[in-house]
Every structure is written in structure tokens, then in C-alpha cells.
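Here's the structure we're looking at; comments come further down.
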6 protein chains.
Amino acid sequence: MRPSGRALDELRPVSIEVGVTRHAEGSCLIRMGDTHVLCTATIEDKPPPFLKNTGLGWVTAEYGMLPRATNTRMRREAAAGKQSGRTQEIQRLIGRALRAGVDRSALGERQIVIDCDVIQADGGTRCASITGGWVALRLAVNRLLKAGSITSDPILDHVCAVSCGIYAGQPVADLDYAEDSVAGTDGNFVLTGRGRLIEVQMSAEGATFSRDEMSALLDLSDAAAKTLLAAQAEAVGS
Amino acid sequence: MRPSGRALDELRPVSIEVGVTRHAEGSCLIRMGDTHVLCTATIEDKPPPFLKNTGLGWVTAEYGMLPRATNTRMRREAAAGKQSGRTQEIQRLIGRALRAGVDRSALGERQIVIDCDVIQADGGTRCASITGGWVALRLAVNRLLKAGSITSDPILDHVCAVSCGIYAGQPVADLDYAEDSVAGTDGNFVLTGRGRLIEVQMSAEGATFSRDEMSALLDLSDAAAKTLLAAQAEAVGS
Amino acid sequence: MRPSGRALDELRPVSIEVGVTRHAEGSCLIRMGDTHVLCTATIEDKPPPFLKNTGLGWVTAEYGMLPRATNTRMRREAAAGKQSGRTQEIQRLIGRALRAGVDRSALGERQIVIDCDVIQADGGTRCASITGGWVALRLAVNRLLKAGSITSDPILDHVCAVSCGIYAGQPVADLDYAEDSVAGTDGNFVLTGRGRLIEVQMSAEGATFSRDEMSALLDLSDAAAKTLLAAQAEAVGS
Amino acid sequence: MRPSGRALDELRPVSIEVGVTRHAEGSCLIRMGDTHVLCTATIEDKPPPFLKNTGLGWVTAEYGMLPRATNTRMRREAAAGKQSGRTQEIQRLIGRALRAGVDRSALGERQIVIDCDVIQADGGTRCASITGGWVALRLAVNRLLKAGSITSDPILDHVCAVSCGIYAGQPVADLDYAEDSVAGTDGNFVLTGRGRLIEVQMSAEGATFSRDEMSALLDLSDAAAKTLLAAQAEAVGS
Amino acid sequence: MRPSGRALDELRPVSIEVGVTRHAEGSCLIRMGDTHVLCTATIEDKPPPFLKNTGLGWVTAEYGMLPRATNTRMRREAAAGKQSGRTQEIQRLIGRALRAGVDRSALGERQIVIDCDVIQADGGTRCASITGGWVALRLAVNRLLKAGSITSDPILDHVCAVSCGIYAGQPVADLDYAEDSVAGTDGNFVLTGRGRLIEVQMSAEGATFSRDEMSALLDLSDAAAKTLLAAQAEAVGS
Amino acid sequence: MRPSGRALDELRPVSIEVGVTRHAEGSCLIRMGDTHVLCTATIEDKPPPFLKNTGLGWVTAEYGMLPRATNTRMRREAAAGKQSGRTQEIQRLIGRALRAGVDRSALGERQIVIDCDVIQADGGTRCASITGGWVALRLAVNRLLKAGSITSDPILDHVCAVSCGIYAGQPVADLDYAEDSVAGTDGNFVLTGRGRLIEVQMSAEGATFSRDEMSALLDLSDAAAKTLLAAQAEAVGS
């Protein structure tokens, strides 16, 4: 029934390749089927100004898409002179999600910037950015621990994300673009390694949904998270 | 236990005053306690370019805060030269929420712009904007019907919204600023007149939540919607 | 003869409601007929950089119109990405006018920001902003005096403003939009409580005027000021 | 008494050199003492969009200062990414002033753009721009008449401008920078060849003025206009 | 002598992988050692406005760097709100270079946009963009030919580029970052398949160079081109 | 053969008038035929931030064109809200060229800003800016030396520039606009007083060139430099 022939709860093939760029303190290329996102982590020695002298650190994210990551070329945001509302909404979500898995006190007064750049898009780029962004963050923090810059691990738990939605009347996991563009209701679910929730964003445009449908999608996301967590664990070697 | 002394499920006093500006095709001033939002609806004879010759209409929203709507003066966005990511996120939410309650085919090739301007803020401005924005929309559509510009009512149902969150370990309805600024988890719930969901946005920064907590907040939002729907009905005189 | 049926020298009903927002140090809603402007005063502990270590304070103003304050919706300046030339011209005028009534040395090294936001427009918004802005300023300064932050009153005199013009060949006071949009010559007159002038801006587009016409408008403005000063005095309780 | 040793009503030496750039349809370099402004007129075959199919033309102006036209280098507006409020205010004034001397119906559906670029500044640049801008406009219109593009002269009268102010307690004409920077009150006066007024802008910062003082400045401007009009007439050869 | 141990005329390993993104009409990932650039070609059915009804096509380019393509994270241009002067200079060069190898008449009224996004930088990114951009262009044009949209091949010749400079007193080919950052003189050389020149940009900051040194660099670039042309030919399968 | 009737190696008449603005520390108006550029030098007591505490100074340049410097009016960059890619490319070139002739250590921790504003354009504006900019720089540095602010001369040599190109199949010097707009290949050559090269930019759009053609243009530029250097020497009185 799904355009890709996948089962309702079947994710696209997930791969997370680490160490893909020589400059960043942590990096990975995450592939969820044809969605490919390059995630890098940059450690900055200073926290943002509003955290000066608080003892707390910060994790933030920026998101971008290459102009031809999509089927039709999109205008380059740098040339347009601003980031779209969609871009800002996504990067705020990624930052918020990753911060929820970090003890900012243990991180100390520094900032880690996660850049998520979509090389190729086929739906689910914000969720892939969160799942891959966590890997880049984990690798950067490992480097801080190894260097003795921090002594206790500020990473509280894994953070991963998946989109699920109602496609052709059925709840399905990990929407690709063909599904996403016609789904009446879809949601993004951010979860921890222990199965707790960090963010739930369900949205219907030109439709509505019931609590039962919401539950079905939450169930799907819960199952999907197990696959994503395993891929993360394998990527970071733990 | 709540700073305001309210019961856990108690909303702030709601009032919706209609016809507050003489120019707009629909308008209201919604007050949720000390949160005051002026909502106006403008009917434009043409749809946005991407809907030309589709027979479909559009509903969109813009959101702003007066610089001194808050306790500390915020920089005027017009002077700063751009809308913040937060503003864009909110106005996208309002537009999406209101469109979900509209039959865009019955609306025909026109656009209704809902402007939500926060005169005074005390938490929950985006939810008040949705609840009040629907009233302005309803009044503008009434005018189209009365003028015979459209013949069948494009409004499918009421749309209202409320924020609920976990404050001091307890699920509470209609967070004010004092609660919102310290709540570990909070959510915005957009509901229809028939109790179906349009949008659920739950978010935890530096914390996580369980599905049980999520259910408790959904229950609160469901009860709150009844009060809001009644206030809307009274305001539009139906 | 006037569209509103007013006498040539008759102002629209003036009302100034104070304390209309709970956050600002001073606030009022001024209504000149259907022109409604919300004025708030914000006290900032630091002067602008160019006054550092001079012992002098500053008063500045910002002006905005809600998009649907006018008969046709205007593009939101925050969305457009800049303030129009008209907006900047008006807020520079308001600031200049209010500063002329202040002893900046007695104010000390702080800044008071007057925000004038037009809720509904029917001509004369810049003049209403000055008249109402002075009330917000007076109330904020009262608070400084009461708190003992300053010991001598920096307010030298009232400041109020009115527009007058040649409508259908006759000099008329307090132009509304119907008059303003067709007047060949119109002017804005800023006056003090003692009847001295702070600013006179007379302008003809596609026409010219004589010194006699100018005198007639100055006479009208002088009379109008008395009404405005009385409304200010009543509002601030002096 | 004046820093320059001029009499109270004495203008700086005025010179208007025409035909200073080979590309523009009309051009002049106006010098008021050390204030030098290059004015060019460009004829565009189409009016601005809002005048399409009205039979009316338009005259507009743009104003700029070279970064080192002033004693201290000012930031280049093109590099800053926007025109200052002051620049916009000035160019709006120039356009308004020149339009008041034009029969837009006789001009027909075309636009004339007057560019006023300050090469060297010593006070009074906006007034020099108006006086010189009129010369560039006159020359461009002459070309239209000569080419037979229009048959009746759309120029109704000369337009010129001068700044006068209260310096050291005395009314003086044609303020230079040394005077302008300390004058308590100053004004810009735009006049026609027949001695009628187009624009009067009097302004006091940190001071106030009386109607008598205003009259004295108007008298000075009236006398000054005669000199400026003669210089214009000589420049355009009439 | 070179930091990398390369011979004076030795290029870094070159690889050009084609078909790296499923959406673009042509794409490749070019690697010059640690400099990796993703090049995509987008075919647009319409030419830019200035070529409408001329029968001519256009080739243009845009360039960007991922924020962490470099050793230190650079600010994202989309967030900064504009492309730097360096970025614009580079993308203008790429477009100009590729157009020189195209018969715009044979291309017909369409535009091909080449996006060059630097995934990882180690010097020479603009040259790699030209060499890789040509491959993406060639592949996109092949598609047009295959589809019969155009009948004669608009590609006149290969276009490739290399940077050469004076490092430690010696002329060297294909500067990497370690060399580029200290070279007194360096140049970018764009060449065709037949060994003719399209662009030469030699530049000295804080130094100067002689015509003999220039000749030495031109000789190096000529030799380097042979390697690059072979890599291009292999990549496009000709 | 040339539109102007000049010999192949004949420059347009060169004149450099110094001291043309009373505010700048150094200034000149350079005329290369109908290309007129006003160059001013501003001395700033502080270097740019990245040179703080290095003992080194900086020379930078900004470039602009008056809107009607050209045959068709160009949009004012300040009004457009940004400098074009062409403008940025040119001003980066001017700065780089002038810095190559300066000992930044002898200059000490200060900055000299060269503003080059094109009053009238007829091709070759960037080259005229460099030649004239050097004169403004020389004059400003003379003032520093005279005042004893620096003790050894930081100017190492003259810097001048000329454009040469292939016009109608022939190498010609100092292209004017009529030639420049049709030349298949053209180049900008920046040279020192001793005949060494600072920058060579040769470029072909829709064409290519050989090393022999390049040599011919270099020969022309070498000869042209002698005339330009003499004009500079005369202007600065050495």
C-alpha cells in the first residue's frame, strides 16, 4: 500500500557514517533511505552571552538544505538574504531536542553548535537531523572527555526522532516525501533512549485527528526509536 | 499551589469583545486574564499566487507583539528588520490551525488574513491568538455570506487553543507567564468544536515527559476547550 | 461643510485613558475621534552610548501601525523587513518634540522610550502620538520622582500637537482622514503648555500657500492646544 | 557675529554650473559656499505603477552623501544596507517640493528622477538639493519640450529653498554647519518664484520658539529666495 | 619542501564521482585531496529575464560553504543574511568561466544553474568548483541532447581550473590551504580542453611579482590542466 | 579603428586634480577621458579589530557609482539595501592593490580608508580608482609624516592600474565603454612604479585567449603605466 512497498511500521534503511569531515569535532552522514543529512558538531570555548558566569553550557543547532537537495531547485537562503520560517522552526526544534538530553551544568561554560545540512531530501529531514545531530554531539563530547576538558559526561541519554503520520487512512512510520506530501496528519516524535518523550508535534492541515490516531502514531514512534537507537549506538561504538 | 491561586484545571477569565476596530471585516479583542490580543480579519479578493485558478481560497495569519507588551521592553521587529524565529513559528501555527477548520473550496479564490497583535502578554499568547483569530475569521466570513459573495459556509467548525503544562509536578491548564517560565514540560493544544485535534505541540527543554503526563494534559485541554468554545459562541452570537 | 459636520475650529472628541497596560512605567490610550493610539513609556537605566558620561538623559520614540489600523490593510513592517520612510520620519518627529519639553540634565543618565502604536487610524496619528506620548512620559517620570531616583522634575512643560489644514478653501483644525487625503495644504503644529512652538511642519503637494494661510492655521493650532492641554492635565491628575 | 563674518541676511556665494555630466538629461553642480551638491535628472518613459493609465506623471528624488563629504567619515549607506531615517526624510522633502511646482498632467505618463548627491557638506544640503534639483529638472523638461515629447510646459514656477535659524539669539539666513550645529531653532523654507510657500519646517530641539521669531525667519527666507531665483534663472538661461 | 611532500608540479589526488544526488539533472562530487565540492546542475526552462526573446541561453553558478567545511566554523551566510563579497566574487567567476565554454545560441532559451557547495575545504575550492561544475554541466546537457530538447551540442570545449602560486620562493601547482595561506603570490587559471585561457587572476597581497614568475605559473597550470581534463573525460565517460 | 580614433596604445587624456574636498586627509579627482572618479582618503586612529595589538596598519577601499554616472540610471545601492557583487569585487581589488604598495608595519596601528566614487563613467572605473586612490593615499600619508605621527614612510612604491583588451582583434590600451562592452577579452593590470605586477585579471566571456595575446596586453599595460606614474608624480608634487 505504501509507495515504497514498506510495511506500515517499517523504517527506511538507516545508516550513520561517522568521521565524514576532517575539521569538525564530531560528524556523521545519516541516511534514512534517500534522505541524507551531514551533521557536524563544533565546540566553542565560550557559551552564548546570556550564559556568561552561570556555569552552564549550551547546545544549539543550525539547519540548511542545499538548493538542489530537492526535486525542484529551491532558492539558496544565503542569496535570498534570510532563513525561511520553516528553516528557523526546524533548527529551533533540533536545538531544543538535543538540549533536553544534556546536563548543561556538566557541560560547563561552552557551546556546541550542531550544523545539519541536507545533501539530499526525501522527507523526514528534521528527524534525521536530530538523530544524526545527536551522534555528532556524542562524538564531540567524547573528545572533551578524552581531553579531560570535562570530567563527568554531560550526555544524559540518547535523543532520536521519527516522523509518523496517517497515510491513506493508515498510521505509518518514517514518512517519505511521497507520503508526507499527501498525509492529512503527520507528526514528529522526539524520544530518549529510555523511551521518554522530548517533543511531540502533531499537525493536521485541512483535516483533524482523534486521540486514538494520536496513540497509534505514538506506538509507531516508540517502536521506530528502538531501530534508531541501535543505529546510533553502533555508530558511536557503544 | 498555582501562583494565581487557580485550581489545576481552572482557566483565567476569558472575554472576547467583538467589533473593536471599525476598518477590519472582522475583529475582536480577546482577554485570557492579563493576556490581551487584538485579532483582525482582512478579506482580500485575490488568493495567493500559488492558488490562482485552483478554485481554492487561503487563510493565513501574522503575529506581532507591541514592544512593551511584556515586562521588559522587547526590540520592535520592524526596527530590527526581521521577524524572529519565534514570531514566524507562531504565525505559521495560527494559520495552519485556522485553515484546518475551513473548507477552502467553499471559500473560493480569496484570502483572509488574520492579524494577531499582542497588546499585553502574560503567557499563552499564541493560543489566545488562535481562539480570538477564529472569532475574527467567523465574523469576516459572515460578512461574505451576508453579501452573497459566497453561498455556502466555508467554516467547518470552531477552532480554539489552550496551553497546558506540568507545573511543580502537576498538570495545569492555561499557563500564565509565571507558570510558563518555569514549567518543565508544556504544550499547545488546538481543538475543534467537536473535540477533535488539529495540532498538538508538546515540548520539554532540559526535561522529558511520559505518555501518561501527555494524556493528563490532553484531558485538561479537552475540558478547557469547552469554556473557550462557549466564549466564542457567545461572541459571535450563535 | 466638513465631512464630519464639525465647525472649522472644532476638534474631534479627545479622551486619554491612563494605566492601560500593566507592564509599562507609563501608558495611555489616546483617542482623537476614530484615531486611537496606545502610548507606553519604558525607563531604561542606561542612556544611549553617545551620552555615556555626559550626565544627560535621552527621550526617544518609536512609532508603528497595526496592519489593519487603516481602511486597507498595510503590509506589516516587521514582515517587510524595514520601517518605511514615513514611519521613520514620524518617530523622529515624536522624539524631537518630546525632548524639547525635557531638561535632559535633570533626567540624568537614563533613557525613556516612548512607543506609539496606532490601533486604529483616522488621520492625525502623529499628533495624537505626541499628545499621548507626553502623558506616558509624564507618568513614567512621576514614578522616577516618587521612587527618589531623580529629585528635580525634568519635565519643563506640556507638549501637545495638532494638525490643521486648508480643506475646501477653509482653514480647519484637527483633520480627519477624509479631510487629510484631499487637503491641498496641511501642517502639524507642536506646542508647549505656555503656547510656544516646538515644531511647525507645513507642506503642500501640488499646491502652494501664503503667509496669511499659514497664520490662520497657527491661530487654529493655538486654540486647539488649549483643549489638548486640558485633556492631558486631567489624565495625569494635575 | 556669525562665524563666517556674514551679515545676518547674507547668503553664502551661490553658483550653479550646468551640464556637468554627459549622461543625464539635466544636471548641475550647485555650490552654496562649501556645500556642493551634484544634481542630475533622469527621464523615465514610464510613470510609477500607481499612476499607470491616469495620464499623470511623477517627479521623485533620491539623496545621498559621499562618505567623506563631512568632517568625519560617515558609514556608506550602501554598505550599511539601508538609507538612514534622515536620508529618507530629506529625499521625501525634495520630491514633494519639486512636485509642487509641476503640472503632472502636462508632464504626461513619465517619471523624472532627481538624484542629489552631496560631494561636500557644510550645512544646508537639503535646501541646496532643492534649488539645484529644480535646475536639473528644468533642463530635462526643456529637452522633452525641444524633442516635442510634450507640448505644453509642465513647470509651473521656480522652486528654491533656504535654511534660516536663530543663531546666538539672532535670526540668520543660510546657516552653515558651524551655525546649524548650535542653533536652538532652525527651519527649512521652500518657496516658489512668485513668493508663495511650498514647505515650512521649523524645529526646536531642547528649546522653543515664538511666532515672532518664526516671522523673522520667514522674512529672511523671502529675501534669500530672490538671490536663489536669480541664480537659477541665470543657470537655465532665461 | 611542500608541507604535503608533493613535487612542485604535483597535483593532489583528483577524483570526480558522478550521479551523487538523485534529483539534479547533472551532479558530481569532486575531490582535490581534502577539498570536496558537491556540484549540481539544474535545468530551468526559462532564461533569465534579460535574455527573453533573444534565442540565447544562460549558465550561472552559485557557491556556498558548509559552516564547518573549514577548520574554524564560519558563520552560515543564510543566518548572516547575506553572501560575503568573497562568495559573490567566486560564484561570478565560476559562472563566467563555464559560459566561456558554451555556445549560448545552441543552448537555446533556457538556463542551467550550477550549484557548488563545499563540503570540506583545504584550499582551491573555486578551482575545484569550476572543474567539477563543468562535469555537472556536461551531464545536464547530455540529458537535454538525449531527450531531443536540443539538437546540436552547446558545449564547445572542456573548462577546468587550477590554482598555482609562489610558495617559499618556488612556483607550485594546486596550492592546498597550508600553502595558500602563506603564499605571497597566487593565481587562479581557467583553461579549455585545447589549452587556451579563459581567465587568469593573479594577485599579490603585500608583495609583487614579475612577468617571469607569471610565466612559470602559467606553465604549471598548463601541465595541471592535462590531469584535470583527463579526470573530467573519465567522469563523463568520453 | 578605435571608436575614439586613438592609436592602439594611446591612453585617454589623464588628469589628476588634488585637494578637491576640504574635509578628507587626502583627495583627488582623476579623469581618464570621460571617466571621472573622486578619491578621498580618511585616516582612522584605530586599525580594524583583527589587527589590534599587532603593530600593523590597514588600508581598505570602498567603491560606489552615482546612480546617473552611467548612460542608463542604475538603482542606488543604498536604496536597494546592498552592494552588488560587482561593487564588492571592485572594492576588494582596490584595497588589495593599494595594500601591496604599503609597509603596514611602518603605517602602525591605524587604518586608511580610500573612498572611490564614480561621478561619471566611461569604462575603466576600477583602474582609475586604483590610480587615483593611490594619490589620495599618498597625500594622507604625507600629512601623517608631516605631523610626526609616523616617522618612516610606509609607502613602498607607486601603484597604478590600466585596463587593456582585445578589441576588433587588436590589443588596445585603456578601453573606454564603447570598446569594453564588445571586447572579447579584457584585463585589468595593476603595476608598481618599478614595473612589477600586483594584480593581473584577464577574463574572457564567450571567448578564450592565448598566451601570446596575454603577452601583448601585458606589454601595453607596461607602457601605459609610465604615463600614469608620471601623472601621479606630478599630482603629488614629487
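Every residue gets a Cβ built from N, Cα and C, even glycine.
Going by TrEMBL, these are the annotated features:
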BINDING   E:ARG86, E:GLY124, E:THR125, E:ARG126  phosphate binding site
DOMAIN    E:10-140  domain 'Exoribonuclease phosphorolytic'
DOMAIN    E:159-221  domain 'Exoribonuclease phosphorolytic'
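Residues of the domain 'Exoribonuclease phosphorolytic' (E:159-221) grouped by DSSP class, helix first, strand second and coil last, total 15 helix, 30 strand, 18 coil. Pairwise Cα distances among E:ARG86, E:GLY124, E:THR125, E:ARG126, the recorded phosphate-binding residues, top out at 13 Å.
For E:ARG86 (phosphate binding site), other Cβ atoms within 10 Å of its Cβ number 14.
Those same-chain residues not listed among E:ARG86, E:GLY124, E:THR125, E:ARG126 yet with C-beta within 8 angstroms of the centroid of the phosphate site C-beta atoms are E:TYR63, E:ILE90, E:VAL118, E:ALA121, E:GLY123, E:CYS127, E:ALA128, E:SER129. Within the same chain, residues at least 6 positions away in sequence whose Cβ sits under 8 Å from that of E:GLY124 (phosphate binding site) are E:MET32, E:THR35, E:VAL162, E:SER163, E:ASP174, E:LEU175, E:ASP176, E:ASP180. Restricting the average to the domain 'Exoribonuclease phosphorolytic' (E:159-221) gives a pLDDT of 94.
Residue counts for the domain 'Exoribonuclease phosphorolytic' (E:10-140) by DSSP state, with H, G and I taken as helix and E and B as strand, are 42 helix, 41 strand, 48 coil. Non-local neighbourhood of E:ARG126 (phosphate binding site): E:TYR63, E:ILE90, E:LEU93, E:ILE94, E:ALA161, E:SER163, E:ASN188, each in the same chain, at least six residues away, with C-beta under 8 Å from its C-beta.
Take the CB of E:THR125 (phosphate binding site) and look out to 10 A: across all protein chains shown you find 25 other CB atoms.
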